[in-house]
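Novice: Positions annotated as substrate binding site by TrEMBL: 77, 101, 356. The feature active site, proton donor is assigned by TrEMBL to 113. Residues or ranges marked as site 'Important for catalysis' in TrEMBL: 153. Here TrEMBL flags 197, 228 as NAD(+) binding site.
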Ligand SMILES: NC(=O)c1ccc[n+]([C@@H]2O[C@H](COP(=O)([O-])OP(=O)(O)OC[C@H]3O[C@@H](n4cnc5c(N)ncnc54)[C@H](O)[C@@H]3O)[C@@H](O)[C@H]2O)c1
C-alpha cells in the first residue's frame, strides 16, 4: 500500500495487527465479505492542534485525535487516551477495536477513540484542565450524545470526563451529561463504572474457566498493568481465591509465589503511584515477568506487549486480554499452537463499555439504577456475548479472537448492507 495513504500501516504497529485480524475473519463472512473493505477504512479521522499557556507563561502545542472508525450500528463510542506515544495510527486501531467490541457485545454503538500526545504526569492540574477543555472544544465538531461519546482510557479518569462534559455543555448552551461516560456519580456517572472493565475481565475469566475445568480458587494469576483495569481484575480474582503471583507496572515488577497481598499493592499504588516498591514482595527484573508460571496471564497495560519472543516463553493456560491489542498476530499463533487459550480484548475487556452504555442510557432517561442491578445486567450481557463467541469458535474450529470477529463483523456488515450506500 502507498505509504502516503492514511490507512497505510507501520510493520508491527497496532493498525497492522488489526488489519491482520480482519484478514483472518473474511473467509467466514459469507456474502457479507463483499462489504469487508469498510472494516479496513476508518470513516472519519480528526487531527487537532491544542495550544495551551503553561504555568510558566510559555505556550505549548499538543497533537490531539478523534477517530470514528465505523458508525453503521449507532453513535461512536470509545475512550480518550493521554500518552506520549499516541499517534493517529494507534488511535485508528483502537477505534477499530471499539467497533468490533461494541458489536461483539451487541451494544448499539459504532467504534471511536481519541487521544492526546502528552505525558500528563508532567503537567500541573491547571494545565491538564486547559489541555482537556481545548481538546474537547476542538473535537466538539464531531462528538455529542447522539454522535460520538468518549470515555476514560489510559491516563484519563472521572475528573477529565467532568471537564469534557462541562466544556461541551458550555459550548452547546445546555447541560449534556450524555456526551461522555465514566463521569463522577454527581454528574450523571454510573455506579459500578469505575471497576467495570476489571469486573468484566473477571466475569469472562470465570466463564472460560468453567468451560475448561480450571478452578479459579487456587489459580495463579500474573497481571501486567495495575491501573484501572488490572487492579480491579486482580482484586476480584484474589477475592475469589486466586493467587496474584506477579504484577508489573511502569515502576517495576513484583513477585510472590504464595500470592501478593492485594491490600498492600493498593496501598503502595496510592502512596507511590506504582507498585514497584510493594513491601513483602520480591522485586524481579521486568523481562522475567513473562517467565512466571500461571494459570491466568492478564495483560492490562498497553498494546503490543505479547511479542513472538515472549509468547514462546509464556507458561500459562489462559491469556485474558484486559488491555486493547496486547498480542501481536504472530504471538497469537504461537500461543494457540502451544495450547494456551487467548481470550481476546474485544470480549475480555468489554465490561467497561457495557457499563458506559448503562451510564448513557441512565443519563438519557435521567433515572439511575442500583449497583447490584448494574452488576447483574453486566454479568448477563457479558456471559451471553461470550456464549455466542465460544459456540462460534467450536462450530468453525477457530481461535476465540477470530470467533469474536466473526460474530461482530457479521453484525457490522449486516447493518452496513441494510443501510446501503449513500447517495
Ligand atoms: N479504563 C477502561 O475502562 C478500559 C476499558 C477497556 C480497555 N482498557 C484498556 O486497558 C488498558 C489499561 O487501561 P487502564 O484504563 O487501566 O489505564 P491506567 O492508566 O489506569 O493503567 C495503565 C497501567 O499500565 C501500566 N503501564 C504503563 N506502561 C507500562 C509498561 N511499559 N510496562 C508495564 N506496565 C505499564 C501503568 O503503570 C498502569 O498500571 C489499556 O490498553 C486500555 O485501552 C481500558
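Here the Cβ of each residue, glycine as well, is placed from N, Cα and C on the backbone.
Predicted automatically and left uncurated, TrEMBL annotations should be read as such.
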Novice: Just to be sure I understand the contacts, which recorded positions have a Cβ under 6 angstroms from any atom of ligand 1? Candidates are 77, 101, 113, 356.
Specialist: none
Novice: Work through the recorded positions one by one (113, 153, 228) and name whichever has its CA nearest to the CA of residue 101 (substrate binding site).
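Specialist: Of the recorded positions 113, 153, 228, 113 has its Cα closest to that of residue 101 (substrate binding site).
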Novice: List the recorded positions among 113, 153, 228 whose C-alpha is within 10 Å of the C-alpha of residue 77 (substrate binding site), in sequence order, or say none.
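Specialist: Passing the 10 Å Cα cut: 113.
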Novice: Measuring Cα to Cα, how far is residue 113 (active site, proton donor) from residue 197 (NAD(+) binding site) in Å?
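Specialist: About 16 Å separates the two Cα atoms.
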Novice: Please list, in sequence order, every residue of the chain apart from 77, 101, 356 whose Cβ lies within 8 Å of the Cβ centroid of the substrate site.
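Specialist: Other same-chain residues near the substrate site: 78, 98, 102, 107, 109, 111, 151, 350, 352, 353, 354, 357.
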Novice: Provide, as an integer number of angstrom, the distance between the C-alpha atoms of residue 197 (NAD(+) binding site) and residue 356 (substrate binding site).
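Specialist: Distance (Cα to Cα, whole Å): 10 Å.
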Novice: Tell me the Cβ contacts of residue 228 (NAD(+) binding site) under 8 Å, same chain only and six or more apart in sequence, or just say none.
Specialist: 152, 157, 194, 195, 197, 198
Novice: Please give the greatest C-alpha separation between any two of the substrate-binding residues 77, 101, 356, in angstrom, as a whole number.
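Specialist: Spelled out: the longest distance between any two Cα atoms in 77, 101, 356 is 13 Å.
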Novice: For residue 153 (site 'Important for catalysis') and residue 356 (substrate binding site), what Cα-Cα distance in Å is obtained after rounding to a whole number?
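Specialist: Rounded to a whole number, the Cα-Cα distance is 12 Å.
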